[in-house]
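Annotation comment: TrEMBL describes 62-311 as domain 'G-protein coupled receptors family 1 profile'. The transmembrane segment annotation in TrEMBL covers 46-69, 81-102, 122-141, 161-183, 226-247, 259-282, 294-313.
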Amino acid sequence: MPQQQSKLVIIYLSSLHSLGTMNNSGISTVTQFVLLGFPGPWKMQIILFSMILLVYILTLTGNVAIICAVRWDHRLHTPMYMLLANFSFLEIWYVTCTVPNMLVNFLSKTKTISFSGCFTQFYFFFSLGTTECFFLCVMAYDRYLAICHPLHYPSIMTAQLCGILVSLCWLIGFLGYVIPIFFISQLPFCGPNIIDHFLCDVDPLMALSCAPTPIIEHIFHSMSSLIIILTFLYILGSYILVLRAVLQVPSSARQRKAFSTCGSHLVVVSLFYGTIMVMYVSPPSGNSVVMHKIITLLYSMVTPVLNPLIYSLRNKDMKYALYHVFCRIRIIQSS
């Protein structure tokens, strides 16, 4: 216990030292933030570091394997698998924008992040999360066409349309939050600079602003809620139509195949949307700070590591392609 208190004292003193410089009005401005993460004894920090590092390695390995499988196996050069490869690429960057800094903080005494680094992480975290919402919509649309309109699917979901949809997901995702996050970064931050989280999120940052900002906060939360709710309703509607079409298929084998393909997608959707709705759509509740951190871990780390497991282990073509990927890697290593 004394050791933990001494570490918190060190963090507090370093935060006072790193509050920043004086502006023209004589008010100190923040140049660094302190991310508390998961405070605890050193042994607990090592355990958490090891667990999150393992999850991060599994996430990178699984998603890179999917990208390589789609790239090297010509049978997977179809819209469904091209979307999956792009989704895996997205998941790699989604975890990379937060996990490496979190791992460093587990072993750091000061746990600081620069002002620009904090807002860069904030921007990429929300932009990549928004892009994931749109990717899940496009993947639901792809499955809707494949199951509800199988005869027209090849003529509608062409490689050109798939490329356009993928580009729009990335473009809208990365342009949507540029202006709101820019205005938040221009708010006065004059201390304290301690964020009781493991990443730079909107609510902890807004709480540290020296000036009241109800309009910016309302706009940001309205945008987030609108994107989350609309994309979720679209995905839900798509799968209701898919379910209705599947139940009308007389072949039980085709029904099982359709349910297997769509069921894996729905697992990812349910976990991702269930957690982000608790954080950004539902009204503020009495949940503790620790609970908010755990919920954030679920959609920012657990979903990306489950993605390759769900999509590869339930798909024969993907399992076959992954087998050849690992065989090729083994041959390269042996030579």
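Using N, Cα and C of the backbone, Cβ positions are placed for all residues, glycine too.
Caution: TrEMBL annotation is automatic and unverified by curators.
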Requested in this report: Please average pLDDT over the domain 'G-protein coupled receptors family 1 profile' (62-311) for the predicted structure.
Outcome: 88
Report summary line: Across 46-69, 81-102, 122-141, 226-247, 294-313, the most C-beta pairs under 8 Å with the transmembrane segment (259-282) come from 294-313
Query raised in the report: What stretch in 46-69, 81-102, 161-183, 294-313 has the biggest tally of Cβ pairs under 8 Å against the transmembrane segment (122-141)?
Result: 161-183
Report summary line: Highest Cβ pair tally under 8 Å against the transmembrane segment (81-102), stretches 46-69, 161-183, 226-247, 294-313, lands on 46-69
**Report entry** Other parts of the chain folded back onto the transmembrane segment (226-247), taken as Cβ under 8 Å at six or more residues beyond its ends
**Finding:** 130, 133-134, 136-137, 140-141, 143-144, 147-148, 176, 255, 258-259, 262, 265-266, 269, 273, 276-277, 280-281
Report task. Could you give the residue numbers and ranges of same-chain residues that sit at least 6 residues beyond the transmembrane segment (294-313) on either side and whose C-beta is under 8 angstroms from one of its C-beta atoms? Result -> 52, 55-56, 58-59, 62-63, 65-66, 69, 84, 87-88, 91-92, 94-95, 98-99, 125, 129, 197-199, 201, 264, 267-268, 271-272, 275-276, 278-279, 287, 319, 322
